[in-house]
Each structure stands twice: as C-alpha cells, then as structure tokens.
Amino acid sequence: MADPGAESEPLLSRARGGSGRDCPAGSAACRSVRDGPGERRPGEGSGPWGLCVGSCWILSFTIFLILFLAFIETPSSLTSTADVRYRSAPWNPPCGLTESVEMLCLLVFVADVSVKSYLVGWAQFRTNLWLLAYLAVLVVSLMDWIVSLSLVCQEPLRIRRLFRPFFLMQNSSMMKKTLKCIRSSLPEMASVMLLLALHLCVFTMFGMLLFTGEKQGDGQDRERLIYFRNLPEALTSLLVLLTTANNPDVMTPAYSKNRAYAIFFIVFTLIGSLFLMNLLTAIIYNRFRGYLMKSFQTSLFRRRLGARAAYEVLSSVTAEGQAHPQEVGVKPQDFLQVLQKVQLDSSHKQAIMEKVRSYGGDLLSADEFQKLFNEFDKRVIKEPPPRPEYPSPFLQRAQFLFSHRYFDYLGNFIALGNLVSISVFLVVDADMLPEDRDDFVLGILNCVFILYYLLELLLKVFALGLPGYLAYPSNVFDGLLTIVLLVLEISTLAVYRFPHPGWKPEVLGLLSLWDMARLVNVLIVFRFLRIIPSMKLMAVVASTILDLIRNMRAFGGILVVVYYVFAIMGINLFRGVIVAPPGNGSLAPDNSSVPCGSFEQLEYWANNFDDFAAALITLWNVMVVNNWQVFLDAYRRYSGPWSKIYFVSWWLVSSVIWVNLFLALILENFLHKWDRRSHLQSLAGDPDTTYQMSVELLFRDVLEEPAEEELMEKLSHHPHLQLCR
C-alpha cells in the first residue's frame with residue numbers, strides 16, 4: 001500500500017503516538033530504537049514484509065476489479081461491434097450481480113483506509129487531505145450503492161462510477177506527484193491559454209469581417225457559409241485549425257477565389273500552432289522537471305534518512321559489544337546477518353554482500369554504509385555460464401568462430417535478405433487475390449531461411465552451451481521464434497506437401513495455405529528485430545522506449561483516470577444520441593443526401609458513447625485530433641451545441657496537457673541516456689554493471705546530497721530513536 005504520509009512528511013519525521021525521552025549520557029541504550037507494540041528490531045523476522053506485499057497485491061487487484069466493472073455493468077460492452085447499425089442487444093447483468101462485487105471491493109477499501117488511519121494516528125489523519133478524500137469518496141460510494149439497490153438498479157445516474165479512479169490515484173505516490181506537478185503548472189498554463197483564447201477571438205472577428213461576400217456564390221461567401229456562418233462556428237473552425245486537423249479544407253474556398261486570403265490562415269497557424277502551442281509544451285516540460293526534481297530531492301532525503309537511522313541502530317549494537325565504545329561503526333558480520341533476513345532480490349543481495357566483504361573486517365563508517373544502498377540502483381549483469389570445453393583443436397576453432405560477433409552479423413544479414421524477399425513478393429503480388437497467387441518461390445525461400453535459422457540455433461548452442469545460449473535474452477528471442485517457425489513450416493509441409501509450381505491447394509485443417517504463409521512471414525518480420533541491439537544508436541532509442549514502458553505506471557495511470565472519468569461522463573451525456581440511419585443499412589459514399597466528409601458519409605457510426613468500451617475508443621479518436629471536427633459537428637447536430645464544451649475539454653486535458661507531459665518524460669529520458677551514458681558508468685564504478693533507469697535516476701545527477709548535520713538534526717527529534725552524540 002502506498003505510504004499515506006509520504007507526500008507531506010519526510011521519513012521518520014513523525015510517528016504514531018509516543019514522544020521522545022532524554023537518554024543519559026554514556027548509556028548503552030544511547031543509540032537504540034524504543035520497542036513499541038508490534039515493533040521489531042532489525043533481523044527479527046520478515047513476516048510483516050510478506051503480509052505487506054500480500055496486502056498490496058490484494059489492493060491492486062481490487063482496484064483493477066472495480067475499474068473493470070464498467071465494461072460489464074449496464075450498459076455493458078459485451079457485443080462484437082459498437083456500430084449502431086449492426087450491434088445486437090447486449091447482455092446486461094441482473095441487478096445485484098455487479099453490485100455485490102462492487103460492495104466487496106468497497107469493503108476492502110474500507111479496511112485499507114482503516115488500517116492507514118490507525119498507522120498514521122488521528123492527528124496526522126486529520127491533516128492528510130488524501131486520506132480525508134479517501135474516506136469521503138467511500139462514504140459517497142456506499143450511499144450511492146444503497147440508492148442503486150433501493151431503486152432496483154434503475155437509477156439514471158451512478159455518481160460513484162465517477163469516483164472509482166480515485167482509488168487508483170490514492171494508491172500511487174508517483175501519480176500524486178504528477179498531479180501536483182500539473183496543479184503547480186496551472187497558473188503558467190492558464191496564461192498561455194488566455195493568450196490562445198485571445199488569439200482565437202481576434203482572428204475569429206477578423207475572419208467574420210473578412211469573409212462576407214458581396215454576391216452569392218463567390219469565394220468569400222462560400223467560406224462564410226461553410227466555416228464562418230456565426231460566432232460559435234467560426235470559433236470551432238479556427239480551434240480545429242489550431243490542431244491542423246482541417247487544414248487546408250478551411251482555407252480552400254477563399255484561397256480558390258484569391259491567393260491573398262491564404263495569409264490570414266498562415267499567420268493564424270504560425271502564431272497559434274507553431275508558437276503558442278509549443279510555448280505551452282515548454283512550460284509543461286519546465287514545470288514537470290522543476291517540480292519532480294524538488295519531489296525527488298525530498299524522496300532522496302527520506303532514503304538517506306532511513307539509511308542513516310539504520311546505521312545508528314546497528315552501530316549502537318556494535319558499540320555495546322566493544323571493549324572501546326568510542327569506536328563508532330557497523331560490524332560487517334552484523335550487517336550481513338541482518339541482510340540475510342531481509343526480503344530482497346537475490347542479485348541485489350548478492351551484490352551488497354560482495355560489497356560488504358570488500359571492506360574486510362573493519363567497521364563500516366557512515367559513508368561506507370550509505371554507499372551500500374547505491375547497489376539498489378544498479379542492474380547487475382550476471383556472468384554467463386562457462387562455455388563447454390572441447391579437446392579437439394578443430395572443435396575449438398569452430399567454437400570460436402560460431403561464438404564470434406561476426407557470426408551474429410551474418411545472421412542479421414541473412415534475416416535482412418529474408419525480409420527483402422518477403423517485401424519483393426508483397427509488391428509483386430499486391431494486385432492479386434490470395435487464391436490467384438503462386439507461392440512456390442516464396443515457399444522455397446522460407447524453407448531455406450528457416451533451415452538456416454535452425455542451423456544458427458544449433459551452432460550457437462554448440463559454441464556457448466545450452467545454459468550459455470539461454471543466458472542472453474536475444475538468443476532466447478531468436479530461439480523461440482525459430483522453434484515456432486519450424487513447427488509452422490513442418491505443419492505446412494505435412495498438410496500441403498512440399499512447394500511446387502502452381503502450389504495453390506484447397507483449404508485443409510484450421511488454416512489455409514495463405515493464412516499459414518502470412519503467419520510465417522509475420523514471425524520472420526518480427527524476428528528481424530534482433531538487429532536492434534547490434535546498432536548502437538538504435539539500441540539507445542530502443543532502451544529509452546523500454547525504460548519508458550517500465551516507468552509509465554504513474555503517467556499511464558493519469559491517462560487511465562482521465563479516460564475513465566470522461567468516458568463515464570460521455571455515457572451519461574451522449575448515450576443513445578447516435579441512432580442508426582433509416583433501414584439500418586450503410587449509406588453509400590456518393591449519396592447526395594449527406595454532405596461529403598460528414599459523420600454519416602464517413603460511416604463513423606461505431607464512434608458513440610452507448611457503452612464504456614465504445615466511449616474509450618471515441619475518446620481515443622478525438623485525442624488523436626485527426627478529423628475531430630467531424631465529431632464536433634455530429635454531436636452538435638445530434639445532442640446540441642453545448643456538446644462542444646465536452647469535446648474541447650477532453651482535447652485540452654488529453655492532447656494538450658497529458659500528451660505534452662508524456663513528451664516531457666520522453667525528452668528527459670532520452671536526453672539523459674544520450675548525454676550521460678559515461679556518467680552512469682562512472683556512477684556504477686564497474687564496467688559490467690549499469691544503473692537501472694528510473695524516473696528518480698533521471699534527476700539523480702542534479703540532486704543535492706543531504707548534509708550529515710541535517711540528517712542528525714532530524715533523527716535527534718524522532719520520538720522512537722534516541723541519539724546521545
């Protein structure tokens with residue numbers, strides 16, 4: 001469970017109940033921890049840790065479950081299509097089914113907030129806004145749940161569905177930091193938004209004055225009738241142009257009449273899209289980096305404070321057992337004894353143990369003790385298993401040859417040739433139907449390439465040994481795909497026999513020959529990704545993407561929250577407003593009854609808010625802002641002009657704020673990897689060990705280490721730790 005006080009108070013700054021007491025000078029209990037109910041001295045067991053991990057998993061599953069209910073609840077998303085023309089009546093659960101699951105989830109949350117309030121104490125609970133909001137959301141949800149059952153699940157609005165994403169936010173400290181970052185950026189963002197609004201209003205007035213044709217049918221009049229008919233339409237047209245979604249359509253009628261009219265739209269786009277929107281990106285990036293750096297400075301202080309507290313406790317044990325207590329430090333054997341009982345990743349534990357043994361039998365100083373915790377930021381690269389030893393000189397030379405990197409380069413070249421052959425046949429056969437194609441040549445080539453892949457696998461296993469081959473992730477990736485390709489090829493040969501001219505047999509079994517060939521080719525193309533680690537620059541980009549995926553939980557969580565809230569709002573506002581056309585059939589593109597480029601002509605019928613899954617896809621399509629003016633126009637006609645407020649708000653939250661926040665994370669991550677690779681190696685101190693990229697590590701090189709006086713001052717006021725220095 002997330003630490004409820006982590007956002008406002010440093011570690012050890014406040015504890016539940018109790019107060020400090022003076023310790024007489026020279027006492028053996030000088031640097032000790034007061035044992036309270038349920039407290040353990042270091043090394044007394046790891047049961048509570050396992051209980052905490054189990055509680056975290058239960059809470060995470062409960063959050064997932066209560067969010068997932070939106071797909072099953074009325075209106076359920078259990079249909080094969082969202083298109084209103086073809087969608088069948090969905091299955092809706094009986095009243096009480098999803099409500100029972102929801103109540104179980106709410107009871108878990110009640111237990112969670114009860115435990116947290118007990119742990120932090122009533123004094124801190126009253127000042128913690130997140131815990132107070134947690135309690136308020138639970139009360140509102142339970143009351144709304146009771147109302148639902150009393151109305152036999154026929155209530156028009158379920159308020160509690162809007163509050164469900166809160167359970168996800170309050171469980172993630174990183175999401176809270178991101179929200180605070182956004183909140184602190186709002187004043188500066190509001191100034192740019194005000195400039196954007198002023199920019200839109202000024203050019204809207206110019207446009208409405210400029211495009212007033214003197215006679216029917218000229219370019220100005222067509223521009224006015226289509227895009228500048230009234231103030232709301234003009235504002236909408238220029239707002240969409242700000243995202244370039246309707247460019248050059250919005251300019252074409254006037255530009256066709258006179259070239260000079262293009263100046264109006266070009267100047268508007270230059271100021272709005274290229275200057276103000278990018279200025280907004282710069283503000284979000286700057287605030288993102290500034291706030292997170294301050295937040296991680298606090299996080300670093302908490303980590304250093306915790307490590308120093310552990311040092312003080314262990315050094316007190318050392319002092320009690322020494323003949324000369326004036327020597328302060330931690331015995332390596334005491335540290336190792338505690339480490340053995342700690343729940344920790346085996347590779348990190350092994351690295352820390354080796355680091356401790358490197359100091360010999362001397363007492364560990366505070367600085368040396370702190371450096372041990374730097375091992376948590378490292379990703380230890382394990383030594384590969386030893387290669388098999390062959391007595392024959394010929395086999396030894398073969399082993400050297402097939403384990404050399406040039407052999408990998410040859411494999412990459414062969415894979416490139418396979419990819420080129422597939423591309424050539426795709427181009428040549430592009431205009432043919434699958435039943436008219438002759439797959440003889442491509443079938444023979446695929447057989448040859450797959451046999452080479454199998455030979456490459458066997459030779460690498462010969463050179464490295466099976467444990468050594470499996471020690472490299474790239475080999476595991478190659479090996480799995482090679483085995484799958486081999487199984488598919490053997491299945492194809494068993495069913496359709498060996499390729500020959502005019503090889504077009506009938507469908508046999510589950511897949512046709514064309515389907516099996518496509519599956520094989522897809523896997524071959526996927527296998528070509530093995531080339532990425534061999535290219536240094538591409539490897540940097542790929543590793544940046546992987547690090548982003550690892551660190552996207554908080555930012556992805558923010559996106560889940562805004563999607564969830566807007567989807568529920570969209571269902572309540574627009575459910576059922578998109579109706580199937582008469583006859584429940586598809587309108588022809590050349591039907592003169594609908595305008596070209598309209599919602600109906602483009603057959604966007606599946607983009608609706610009739611259920612939760614359809615709402616998510618609709619919001620995604622609007623976030624991409626390609627043709628989003630079609631959605632604005634359609635929902636204006638079907639539900640009213642005020643629908644534009646909903647879609648513009650979604651555009652601001654998703655495309656402007658979240659996408660720019662995501663862009664800031666990408667820039668920071670990539671620049672850190674690109675410019676500071678040598679710095680990371682120096683931090684690691686070992687060429688075979690690299691630092692694991694995390695959001696915190698992005699700012700590690702610019703964070704200030706806390707001073708020892710500051711740490712000792714904070715520890716001296718802790719109610720459960722007495723220091724007599």
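Heads up, the Cβ atoms here are built off N, Cα and C, so glycines get one too.
Listed ranges 406-428, 613-635; the one TrEMBL annotates as transmembrane segment is 406-428. Only residues 6 or more beyond the boundaries of the transmembrane segment (262-285), in the same chain, are considered here, and those with a CB under 8 A from a CB of the stretch are 185, 188-189, 192-193, 195-196, 199-200, 203, 206-207, 210, 238, 241-244, 247-248, 250-251, 254-255, 656-657, 660-661, 663-664, 667. Outside the transmembrane segment (645-667), and at least 6 residues removed from its termini, the chain residues within Cβ reach (under 8 Å) are 178, 181-182, 189, 193, 239, 243, 277, 280-281, 284-285, 288-289, 544, 548, 551, 555, 558-559, 562-563, 566, 569-570, 573-574, 619, 622-623, 625, 628, 631-632, 635, 695.
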